[in-house]
Amino acid sequence: MNNKRLDPKSDNRYTIREEILPNGVLSDLSIKRTERTDSALFTCVATNAFGSDDTSINMIVQEVPEVPYGLKVLDKSGRSVQLSWAAPYDGNSPIKRYIIEYKISKGTWEVDIDRVLVPGQQNVAGVFNLKPATTYHLRIVAENEIGSSDPSDTVTIITAEEAPSGPPSTVKVEAEDQHTLMISWKPPERDDWNGEILGYYVGYREASSEKPYLFETVEFSKEEGKEHHLKINELKTYAQYSVVVQAFNKVGAGPMSEEVRQYTAEGIPEQPPQDTTCTTLTSQTIRVSWVSPPLTSANGVIKGYKVVYGPSDTWYDENSKDTKITSSSETILHGLKKYTNYSMQVLAFTSGGDGVRSSPIHCQTEQDVPEAPSAVKALVMSGESILVSWKPPEQPNGVVVQYTVYVREIVDEGKEAEPKSQKVPPFQMSYEASSLKKKERYEFWVTASTVIGEGQPSKPVSLSPSNRVPAKIASFDDAFTATYKEDVKLPCLAVGVPAPDIQWKVKGVAFQQDDHIRQLPEGSLFIKSVTRQDAGEYSCSVENSFGHDTITHQLVVHAPPHSPQVTLTSTTTTSITMKLRPHATDTAPLHGYTVHYKPEFGEWETVQVNSQAQTYTLEGLWCGSRYQIYVTAYNGIGTGEQSDNLNTRTKGSKPVIPEAGRFIEVSTNSITLHLSAWSDGGCPMLYFVVEHKKRNSLEWNQISNNVKPGGNFVVLDLDPANWYHLRVTAHNNAGFTVAEYEFATLTITGGTIPPPERESSPGNKYFPWLPEWLDLNVVVPVGATVVVIIVGVIVICVAMSRRSRGPEQTRLRDDVVYNQSAGGNSTMDKRRPDLRDELGYIAPPNRKLPPVPGSNYNTCDRIKRGHSGSFRNHATWDPRHPRNMYEELTLHPPNGRRIPAHPGSDETMYHRADFARALAKAKQSHDKGQERLKSMTCPNLR
């Protein structure tokens with residue numbers, strides 16, 4: 001065996017058997033349970049006396065291949081992986097193929113296995129059609145003619161993420177109101193995620209527009225199968241919008257969903273019906289017609305029209321108006337008042353509500369026959385005449401052109417005399433029937449007539465003429481309405497024989513005649529330029545010997561209203577509610593209120609309020625803002641005084657900054673901002689501005705300046721394991737709030753990084769010897785404050801010290817001799833030449849010195865030139881001697897000896913100071929004077 005003698009005793013699997021045959025020997029070798037090591041060259045050698053011979057048999061033991069080894073991943077993507085391995089022992093049979101087996105991590109090798117066949121000569125192959133972001137187990141098996149090897153060790157991989165391959169499902173769009181759409185959807189099928197979905201992009205645009213979609217971002221909800229929602233606001237009324245939704249992960253966005261279209265809710269028509277006209281048909285009917293408003297302004301489907309109409313003189317009163325609804329473009333108004341001016345407005349309405357009213361148009365119904373005069377009186381004037389008076393009809397139904405007075409004599413029962421009539425002009429309200437029979441009874445009635453015809457007769461009154469004529473008043477009790485500053489005449493037409501005495505009372509008190517109010521000869525009362533105070537009750541009394549009579553008039557003065565009473569009742573974030581009350585003394589009916597209001601930093605605006613309104617709410621105000629409000633009332637006369645100012649504010653405040661843990665969710669390459677963590681302060685959020693920068697960077701990067709509130713906002717493209725600063729500015733109507741945060745992105749493996757090193761204080765850069773704990777931002781201000789305090793204390797001490805030496809200085813001045821005529825060679829100069837420098841100059845405080853008397857140059861010149869030659873004058877400032885500001889100083893010796901004066905000079909002796917004290921004080925004053933002079937009068941010497 002392989003040129004070695006085979007010894008069966010060494011391995012009991014080998015057996016050699018020999019059989020003697022007639023012509024030779026048969027020898028065979030048996031091997032039990034062959035093994036790989038049995039593959040060898042077996043040689044059989046036969047030997048006899050004549051020689052030897054041999055034959056060889058090469059035996060090869062074949063088996064299945066060994067397990068492939070060295071399985072590793074060369075490359076992978078979202079849907080494929082490239083593998084390599086080392087070829088195993090082939091079992092003495094060429095490997096025909098390799099089988100790559102793989103399954104998802106959650107599956108089993110028995111059921112969920114997939115295979116890839118690879119030719120036996122290859123040791124690199126790819127597995128394709130995998131799912132992105134999925135964990136797989138892979139192994140490999142080698143196969144030859146004998147069979148297959150055992151599987152290799154398992155390799156686990158996670159395929160790379162890809163953008164989602166499917167759109168969100170079940171996308172629905174519903175109209176919430178005229179400006180809002182509610183969008184809902186569910187996540188894509190799980191197999192289409194291709195990773196972890198971070199959120200959704202919701203795009204919308206008008207269906208008729210070619211512009212690109214406007215996208216908003218919505219955070220992904222991790223609840224399995226949960227429906228997502230987004231509310232889109234500030235849309236056009238009754239406009240059709242197209243909506244798409246797409247999911248995104250950290251790789252990118254997936255396909256869009258199919259476009260879903262929906263209309264916003266119907267609104268109210270923005271424009272009124274056009275070309276409104278009215279035509280009078282009869283005394284009680286008017287036809288109104290119009291043209292529909294433009295469809296572009298309808299904001300919905302116009303369901304019909306409303307005609308609002310009412311008498312023009314009470315148009316301000318909503319209770320006097322009626323409304324007729326029709327679906328056509330014209331209608332006829334019935335049951336109107338005769339000969340009355342009507343105002344009409346037309347509006348279109350949709351399911352969203354009533355639209356804008358048209359401008360009022362006016363038509364007057366036709367005239368008709370009038371009603372009967374409302375009252376008739378008959379008064380005896382003499383034995384042959386009777387005065388008939390009447391009041392106009394309450395409803396004249398037109399212009400009264402005449403009155404007709406009927407007189408009929410009452411004869412025996414069962415007989416009627418033919419009445420006589422007399423036409424009277426419309427301005428005349430009485431008629432004297434004369435030539436009557438004494439003691440006969442007469443019946444009187446009156447009718448009014450318009451151009452249409454004669455109206456109904458009044459109730460008849462009867463009376464007999466008589467020579468006895470009691471005092472009576474032909475005028476009637478009446479109510480008079482006057483306009484402010486208008487002249488008024490209150491009638492009191494009286495009859496009676498003898499002539500009655502006429503007395504007027506104003507509010508129960510006998511009136512005193514003056515320039516403002518006086519009684520006319522015929523008895524009427526004349527009031528000039530009525531005021532509010534003239535309103536009230538006026539009574540006229542007449543009396544003679546046969547009787548008396550009284551009538552009462554009520555005078556109502558219509559004037560502009562007083563200031564109304566305005567009371568604040570409640571406020572919300574967007575509204576202010578107030579209570580409105582007219583002034584208690586106003587008599588004229590109010591036509592309405594005008595509310596004036598302005599925000600703290602805005603312009604004045606006005607709104608009209610119905611006169612019947614007891615409360616009014618200002619809507620649509622800015623949240624958390626201060627407002628100033630006042631109200632005026634108006635009537636048919638004009639606008640009255642304004643109410644007291646009402647200063648208030650709507651509820652709400654600026655946004656409130658949330659905690660970082662609730663607001664920021666950090667990942668490797670992005671952060672998610674939970675915008676709902678912000679408290680809006682009661683005022684709805686308008687938008688957010690989001691900026692970020694790396695920790696050591698100086699410039700901020702703006703991510704978005706119009707992030708919509710609600711939901712979440714994802715900041716992408718961040719570097720892993722880096723510290724960042726985040727700045728978020730939240731805006732609402734009450735203002736804005738800026739929040740800054742510091743955060744660190746996670747590592748690639750999802751771990752956190754250590755806190756950043758604390759930067760050294762700027763002072764350490766310039767003063768490295770300072771200890772680390774010393775912060776110059778604190779030390780410098782504190783040190784500066786201490787220095788200022790110390791300097792202040794020193795200044796105060798010096799000032800107090802000078803004040804304490806005041807008497808000595810005064811004594812010095814008393815001892816100084818001022819001399820204007822001293823010569824250049826004075827005694828002082830000769831005996832004490834050094835005294836010239838010591839007693840040189842004391843400057844007046846904060847004041848420029850005049851030239852030295854007797855000198856031809858000023859003080860500045862003197863200082864610049866120095867003290868060369870003879871020093872002539874040593875002067876000092878003394879406010880007590882303004883007339884002798886500069887005089888020469890002479891001193892009294894300490895021992896009482898007098899220093900001789902220069903001939904021809906005037907001198908004054910020292911009386912209370914010795915020479916040493918004077919010399920010391922003078923030197924001190926000289927030094928200070930020199931410094932002051934240089935600093936105040938000669939700046940060019942510096």
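Each residue, glycine too, has its Cβ placed from N, Cα and C.
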Tell me which of 208-228, 313-333, 817-837, 922-942 corresponds to the region 'Disordered' entry in TrEMBL.
922-942
Could you put numbers on the helix, strand and coil content of the domain 'Fibronectin type-III' (657-755), residue by residue per DSSP?
7 helix, 49 strand, 43 coil
The domain 'Fibronectin type-III' (657-755) touching the domain 'Fibronectin type-III' (167-267) per 3+ Cβ pairs under 8 Å rule:
yes
Mean predicted confidence [pLDDT] for the domain 'Fibronectin type-III' (372-468):
92
Tell me the residue counts in helix, strand and coil for the domain 'Fibronectin type-III' (67-162), as DSSP assigns them.
0 helix, 46 strand, 50 coil
Give the residue counts of the domain 'Fibronectin type-III' (167-267) per reduced DSSP state, in the order helix, strand, coil.
3 helix, 49 strand, 49 coil
